[in-house]
Amino acid sequence: MRGQSRGIRSMPSKGEKEKKKQAKKGAGFSKNPTCIPLQLRVFLYRVFVLTIMEEKKVNDIENVTDYPEADIDSSGLEKGAREKALVWKQDLRIVPLCAAIYLLCYLDRSNIGNAKILNEETNNDLLSETDMTSFQYTIALMVFLIAYALFEVPSNYFLKKLRPSRWIAFLMLSWGATTMGLGGAHNYAQVTGLRFLLGVMEAGLFPGFVYYLTFWYRNSERSIRVALILASATLAGAFGGAIAFGVGHMNGAHGLSAWRWLFIIEGAPSCASAVLVWFFLPDYPESAHWLSIEEKELAARRLETEGSHGSAKAMSWEEAREVLVDWRLYAHYVVYFGISTPFSSLSLFTPAITSGLGYSNLRAQLMTVPPYAVAYVVTVAVSWSADHFNSRGLHSAIFSFIGAMGFLASAVLPADAYLHRYGCLIVAASGAFACIPPLLGWLSSNIRSTAGAGLAIALNVSFGAPGQIVGVWIYKSNEAKKGYPTGHWTNAALLLFVTAGCILLRFYYAWRNKRYNGDGDGKKFAY
């Protein structure tokens, strides 16, 4: 009976020898699942099946997860793969097109710096043919930035009111036509008036893009995409130098100087591309025809608490007031002011800086390419890292400090240390450009009102406009032989200010999270 009892407990259809043989083989390695011992099968059932059922119950009750990318839907299956597929689908439609638009915008904004020195040895440059002085040239640069500051906030309002595709297409057509008009300018008044109009038309694009991304992406996903768009400005700087080098050989073609051809050639693509933007730039996830119903629902769920909505009503006064009286946001604005001066001055004076490093006219245009090319790679890498580690403030602090060291070294090196100062220019440009996308992503991650996001982002960029105005004055033409020390010292000081501001703001957010954890809406500040 004892032996029979044992046989019943194990496998009644097998003999004792069979059982011993199976035990020696190891039931865990058998290809036949029915040969797995009962105790092991019970254990595996409890581990896998009951655990999955328990997780499903928890998720059905709470409907939240600490890790959105690994969220589990009502069926108990992970939807992380579906989210990744959705985000990738959005990326292919949105990011390349936005980056191309901003590249054209930045090209049309900064090409006046190339026009200033193009063929100046034959007096066929912008200043010589329009009888402008260096002071008047600086005024023409400044009025662009005044218009840029005044029209950023209203532009974001119209972007939401008229739909992104319509408004951005209108802006593109307008600034492209204005740029081409600069090719026909003959005096200081015409250049200044057209530059002001260009500022009006370009003002809304960058803050508009930062706001536009809140309709499509979570906080943790925006910095790298802002970076890919913003980094196209560095590509525009690289392309602009290469294009100017080629166009410089067209001097006198069909009776036009090379600088006139430069404005015409670089303005025309913006006009033509406006048509493509009108038809192909998607407005909101809920209206995207290339998303299925399930994908639209998933996109809406993803952005319930950390995004803007295309179907939302216009911002109310209470929501605007919430943004306007939040002093914490003004700390972000002031920090952004500090980075705006280096950004502006590099955009406008890199050709002049390289020309002062001992390079000839057309050669100077070509030597603007490497600083921008390196800055592009660094900007994308830094922004990816900031998103990946969810540490935007620290990344901005580190790379603003690196940029400051580049400018500082340029300021103290001898004026004739051309090669060393050129290397410092590459370091300075990389640091200055790389810290901007994390700063913008940091701000948008800490905006409590999704309806007020457009206002806060536009105000942030508007606060940078005075800094950009400072940037047009610090690289003085009479300091070219000295290596532009005033410009380098000013940029170094402001980047150190950005470093200090990021560190202090980061400590403040950490303190707030520790002090007020669980209060209010329960959302922690990102730092």
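Cβ from N, Cα, C; glycine included.
What TrEMBL lists as region 'Disordered' is 1-28.
Here TrEMBL flags 135-155 (among others) as transmembrane segment. Beyond the ends of the transmembrane segment (135-155), by six or more residues, the same chain brings 109, 112, 116, 126-127, 167, 171, 188, 191-192, 195-200, 202-205, 207-208, 344, 348, 455, 458-459, 461-462, 465-466, 468-469, 472-473 to within a C-beta distance below 8 angstroms of the stretch.
The transmembrane segment annotation in TrEMBL covers 167-188 (among others). Long-range contacts of the transmembrane segment (167-188) within the same chain, counting only residues at least 6 positions beyond its ends with a Cβ under 8 Å from a Cβ of the stretch, are 101, 104-105, 108, 111-112, 129-132, 136, 140, 155, 158-159, 194-195, 197-198, 201-202, 204-205, 208, 256, 259-264, 266-275, 277-278, 281.
Sequence-distant contacts of the transmembrane segment (194-214) (same chain, six or more residues past either end, CB-CB distance under 8 Å): 94, 98, 101-102, 105, 108-109, 112, 140-141, 143-152, 154-156, 158-160, 164, 167-168, 171, 174-175, 178-179, 181-182, 185, 222, 225-226, 229-230, 307-308, 440, 444, 450, 453-454, 457-458, 460-462. For 194-214 (among others), the entry in TrEMBL reads transmembrane segment.
Within the chain carrying the transmembrane segment (226-247), a Cβ under 8 angstroms from the stretch's Cβ atoms is held by residues 95, 98-100, 102-104, 106-107, 110-111, 114-115, 118, 206, 209-210, 213, 258, 261-262, 265-266, 346-347, 350-351, 362, 365-373, 375-376, 379-380, 382-384, 429, 433, 436-438, 440-441, all 6 or more beyond its ends. According to TrEMBL, the feature transmembrane segment maps to 226-247 (among others).
Residues 94, 97-98, 100-101, 104-105, 107-108, 111, 114-115, 118-119, 124-126, 129, 164-166, 168-170, 172-173, 175-184, 240, 243-244, 247, 250, 253 of the same chain lie 6 or more positions beyond the ends of the transmembrane segment (259-281) yet place their CB under 8 Å from a CB of it. The transmembrane segment annotation in TrEMBL covers 259-281 (among others).
What TrEMBL records for 330-349 (among others) is transmembrane segment.
Taken from TrEMBL, the feature transmembrane segment covers 369-386 (among others). When Cβ-Cβ distances below 8 Å are used as the criterion, the transmembrane segment (369-386) is approached by residues 223-224, 226-228, 230-231, 234-238, 241-242, 350, 392, 395-396, 399, 425-426, 429-438, 441 of the same chain, each at least six residues removed from its ends.
Annotated transmembrane segment per TrEMBL: 393-413 (among others), in sequence order. Listed by sequence, the residues of this chain that lie at least six past the ends of the transmembrane segment (393-413) yet keep a Cβ under 8 A from its Cβ atoms are 338-339, 342, 378, 382-383, 385-386, 420-421, 424-432, 434-435, 438-439, 442, 483, 485, 488-489, 491-493, 495-496, 498-499, 502-503, 505-506, 509, 527.
Long-range contacts of the transmembrane segment (419-443) within the same chain: residues 210, 219, 222-224, 226-227, 230-231, 233-234, 329, 332, 335-336, 339, 342-343, 346, 350, 353-354, 357, 367, 370-372, 374-376, 378-379, 381-383, 386-387, 392-393, 395-407, 409-410, 413, 456-457, 460, 483, 488, 491, 495, 498, 502, 526-527, each at least 6 residues beyond the stretch ends and with a Cβ under 8 Å from a Cβ of the stretch. What TrEMBL records for 419-443 (among others) is transmembrane segment.
The transmembrane segment feature in TrEMBL is assigned to 455-475 (among others).
Proximity of distant same-chain residues to the transmembrane segment (487-509), defined by a Cβ-Cβ separation under 8 Å and at least 6 residues beyond the stretch ends, is recorded for 328, 331-332, 334-335, 338-339, 341-342, 345, 349, 393-394, 396-397, 400-401, 403-405, 407-408, 410-411, 428, 431-432, 435, 439, 446, 467, 470, 474-476, 479, 525-527. The transmembrane segment annotation in TrEMBL covers 487-509 (among others).
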